[in-house]
Amino acid sequence: MSQYAALLLAIPLIAAFAMPLFGLIGKKIRNSWAILTMLATVAAALILVWEVLTQGTIIYAFGAVDPSLTIPFDSGGVPIRILFVIDAMSAFMILTAAIMMFAATLYSISSESEQTGQDGYYALLFLLMAGIFGMVSTGDLFNFFVFLEINSLAGAALAAYRIKGGVAVEGGLKYAFISTVSGLFFLIAVGMLYGQYNSLNIAYIASVIDFTGLSLVAVVLMIVSLAMKSGSVPMHFWTPDTYSSAPSSITALLIVSSMASLYAIFRIAFSLFGLTMNVVTVGWVIIILGILSMFIGVSMALPQKDVKRLMAYHSVSQIGYMLVGLGVGLAVLGDQQMLAQFGVVAMEGGIFHIINYALYKGLLFLIAGAVIYRCGTANLNELGGLGHSMKWTMGFFIIAALAIAGIPPFNGFASKLMIYESVFVFNPFIAVIAMVVSIMTLASFVKVFHSMFMGPKLPQYETVKEVPMPMLIGMGLLAVLIILFGLFPDLVVNTLVEPAALALIDRSGYITSVMGGI
Amino acid sequence: MQMSSIVKTTADVLFPFILIYGFYIIIHGHLTPGGGFQGGAILASGVLLLLLAYKYAESTNVVRQVVMKSLESTGLLLFIIAALSAMMLGAGFFFNWLSPGGILFGDIVAYGSGTANLNTGGLIPIMNIAVGIEVVGAISVILLALLSGIKEKI
């Protein structure tokens, strides 16, 4: 009986709730509490991931004497409790979130040290993480909605945390609106499913599903709402404002929360509906969303002058790769031969890209935050010559920029190559578009690199120093992971990514893990 | 602006009754309509009555923001510790180990119709109380933040 699934939720919550009390005592004690609970959460997450990878899917029933008891004896074969179902895919997302939480919290300790209102900042940060961990591990639709709301409210409050003359409030408000609208869409869809199948448990609904017209409406609402929350193209308009106005460490976490929404799209498409719906159509819709995101995101990024807005548009573009990879997997789900030939590889590429994207995009935002922390501006036309004084930051930037452009030997290359290869077999045009987008990404980051770090030392940045050690450690961890993932992609794919892709495909395995051998 | 002494006296007289009603709603949360949130909101409305009847500067001597913030955190911590306590006993998170047979709120509910027994429910009344503490703190903090923006005319 493993209790780590509950601890994953309990530790961030207790950390968030006690934060204001520790804040009353003193600043040092509050910061130590934040680091301590962050380490405890990350440790619980890592142990949980290890358990899932060695023992298979873990089920946790809340409020039961024995958490592994999913179906009470007197419930008539229906799981009625709130369940956490942590399979290899959820474990993969938990690992991603834990790494980013470690880096962002450590970075915040330094980058926010001069600011006011830090009690609330850390409390909201831990609530945001609790929401993300809940979203990726829950096995219950309504419970997912609750965590989506926790995540959205904490994210909106954090995006508007530093007022900056009202600009940040706009970003936060947009995030709050978009999250509320998507949350309501999702809730209506959940209601439609609940009305038909009398249950909220994903595995139970999947086991009895009979795809009606109402279920089709539910699919559309769920995919639209979650694509909205993850920032895919027709609904991407909030990303530049929100990502650029939030504090940089928070932007890195908002990236993870958009990844959690992306995870939910595929959990719903693969595990909840699977082959009962028309996977070819839904798969192609997701692929088209992906292509549009890739191309429009990168072409909007090229003319940007604000470094964080530029990176925000790139995050729209990168989400396209994951949508394409997993969309191809979904489109060929019904055809065993095509699935074995390239579908699984496309999904592995898409899933591998999730962690790679979180790592390098998080690192890029942390670097942008480091430059703003020292220079006070994000305008590329005003920055310059920072390579003389911020050598470590420049090194990290080179690593992250080459990784996002898909240059070997960094991690972006590994996952993008998997997507190119497999998607080329499916449809060559998509692979060509993906490669063109990659080149445009490189062009855009060459521009950023040149205008931020190259050139002579500017007089107004004469006194600029390297950023403090905790920020460097946070960034360095991500940079090291980017290089390691790029050098040994086989190891990561075999131990983490492949089980995750197979867990998504294996719908009956997901149902059996909750419902028992029915 | 100064409220008349009629308003102040009425507020003073009503305040304890509002508190008692709020506590009643909280403590009977598992038996009757209402519960932690509703009772906490009623308690906070009592606080609002004091804040409106007296000047902001006067009332903040009694209703202090630090105290209210601590109440908020304490309530939330009580809630999560009640949930965690089940885990320390080896059961699942949120397992209701006090009911039936616990020391507090541990009576077994009698079958059939009859008068309700307050001493039942196990962890549920405790969580109601925790939510009540949290809500009175949180709403009071919001009210204090709203009222602090009012400019006094002299």
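Note that Cβ sites are derived from N, Cα and C of the backbone, with glycine treated the same way.
Automatic prediction, not curation, is the source of TrEMBL annotations.
The feature domain 'NADH:quinone oxidoreductase/Mrp antiporter transmembrane' is assigned by TrEMBL to A:139-440.
Under the heading transmembrane segment, TrEMBL lists A:6-26 (among others).
Sequence annotations record features per position, and here TrEMBL assigns transmembrane segment to A:33-62 (among others).
The list of residues near the transmembrane segment (A:82-109) in space but at least 6 beyond its ends in sequence, with Cβ under 8 angstroms from a Cβ of it, reads 5-6, 8, 31, 34-35, 38-39, 41-42, 45-46, 48-49, 52-53, 56-63, 70, 121-122, 125, 129, 132-133, 136-140, 143, 201-203, 247-250, 252-253, 255-256, 259-260, 263, 266-267, 351, 354-355, 358-359, 362-363, 366, 369, 470-471, 473-475, 477-478, 481, 496-497, 499-504, 509-510, 513-514. Annotation comment: TrEMBL describes A:82-109 (among others) as transmembrane segment.
When Cβ-Cβ distances below 8 Å are used as the criterion, the transmembrane segment (A:121-138) is approached by residues 5, 8-9, 12-13, 15-17, 19-20, 30, 34, 37, 41, 45, 82-86, 90, 93-94, 97, 101, 104-105, 108, 112, 115, 144, 146-155, 157-158, 161, 250, 253, 256-257, 260-261, 263-264 of the same chain, each at least six residues removed from its ends. The transmembrane segment annotation in TrEMBL covers A:121-138 (among others).
Residues or ranges marked as transmembrane segment by TrEMBL: A:144-163 (among others). Within the chain carrying the transmembrane segment (A:144-163), a Cβ under 8 angstroms from the stretch's Cβ atoms is held by residues 115, 117, 120-121, 124-125, 127-128, 130-132, 134-135, 138, 169, 171-173, 175-176, 179-180, 182-183, 186-187, 190, 229, 242, 245-247, 250, 253-254, 257, 260-261, 264, all 6 or more beyond its ends.
Sequence annotations record features per position, and here TrEMBL assigns transmembrane segment to A:175-196 (among others). Same-chain residues lying 6 or more positions outside the transmembrane segment (A:175-196) and placing a CB less than 8 Å from one of its CB atoms are 141-142, 144-145, 148-149, 152-153, 155-156, 159, 205, 212, 214-215, 217-219, 221-222, 224-226, 228-229, 235, 238, 242, 254.
The transmembrane segment annotation in TrEMBL covers A:202-228 (among others).
Remote same-chain residues near the transmembrane segment (A:249-270) are listed as 89-90, 93, 96-97, 100-101, 103-105, 107-108, 111-112, 125, 128-129, 131-132, 135-136, 144, 148, 151, 155, 158-159, 161, 175, 202, 219, 222-223, 226-227, 229-231, 242-243, 279, 282, 286, 308, 312, 315, 319, 322-323, 326, 330, 333, 354, 357-358, 361-362, 365-366, 369, 474, 504-505, 507 (criterion: CB distance under 8 Å, separation of at least six residues from the stretch ends). For A:249-270 (among others), the entry in TrEMBL reads transmembrane segment.
Counting residues 6+ beyond its ends, the transmembrane segment (A:282-303) has Cβ neighbours under 8 Å at 219, 223, 227, 232-234, 236, 240, 265, 269, 310-311, 313-324, 326-333, 430, 433-434, 437, 440-441, 443-444 in the same chain. Among the features that TrEMBL reports, transmembrane segment is placed at A:282-303 (among others).
Per TrEMBL, the feature transmembrane segment maps to A:315-334 (among others). Within the same chain, residues 230-233, 236, 239, 243, 255, 258, 262, 266, 269-270, 274-275, 279-280, 282-287, 289-298, 300-301, 342-344, 346-351, 353-354, 357, 361, 404, 415-416, 418-419, 422-423, 426, 430, 434, 437, 441, 501, 504-505 sit at least 6 positions outside the transmembrane segment (A:315-334) and bring their C-beta atoms closer than 8 Å to a C-beta of that stretch.
Under the heading transmembrane segment, TrEMBL lists A:394-413 (among others).
The annotation transmembrane segment is assigned in TrEMBL to A:467-488 (among others).
Listed as Cβ neighbours of the transmembrane segment (A:394-413) (distance under 8 Å, sequence separation of 6 or more from its ends, same chain) are residues 314, 318, 353, 356-357, 359-361, 363-364, 367, 386-387, 438-439, 441-442, 445-446, 448-449, 452-453, 475-476, 478-479, 481-483, 485-487, 489.
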